[in-house]
């Protein structure tokens, strides 16, 4: 398909979507209005189950089964990235050179590292009480480890980051979520039902299974992001394409150009 | 105009689609997909907004004392962001592999199958 024809198809499709979307919007409840039936019921259910953060209650209690699917997408993406970015036969691994870092950068990154790590763990642990939770806290924890890459260099990061262990922990986080769901089955309730005592409102132990599922997600997200970043950093810093690619390069270019010319 | 936030979400989606269709670079196309995805965040949060509403977190406000925004769509947006980030990572790793095998990131030049 020529690029001109493609643009026409896009314009027709885009106009169709735009017309339908505007028609649909004109029938939506007005922006900022008071009509939120699902929201009102979710708030009611969260308070009945002693979970102060309604968003966490929706994610880890009322819609816990959906969160399992979402977590599986995350897990699948991490596995897919690990498979796609592995070292191939014609690539060599070069140990990176030690880098020099400006002293102020090193100082502030080293100070920020433990603070960020603590904030991340706090956000995970207080997911059922205050804004945040396993998803957000996990990303903060994973980011804090990479401050070492900024502060010192890649080899220092590698020393605190055995990727194999993080891959295992990533899978363990996913498994822990499933096991909490299966534990509900053992007590006679449905899969992923909140079966623990709800506890006192607005304390760390409130919410029943919400803090447990939150922690499982926190472990999985933190380890998943560390593994993802490790694979991308490997590609950028360590893996060099070998000689085998040199000859393939010429062939690839030639074929690609021929095809492109034939197509136009 | 009370439907403006919804229309902005639609505009973001279409502009992302336009970018993906006219892209000459796969990394650019992945970025455009992220723009499409952010339109869904805007749409969800616009649906859940309530005038004078605050965050649906009751650790420091008394339940029932203030209106809160819709927590269901906030949870959906959270879901969306996590999936968006990891799927973008997966797509970018695909682009890295394509760049290695074919020595190009222009989608128009990728017209053949190779092992």
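Glycine too: its Cβ is placed from the backbone N, Cα and C atoms.
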- The residue range that TrEMBL labels transmembrane segment, out of A:157-174, A:175-192, A:193-210, is A:175-192
- Item | Maximum Cβ pairs under 8 Å to the transmembrane segment (A:108-129) - stretch from the list A:7-31, A:72-88, A:135-154, A:212-233 | A:135-154
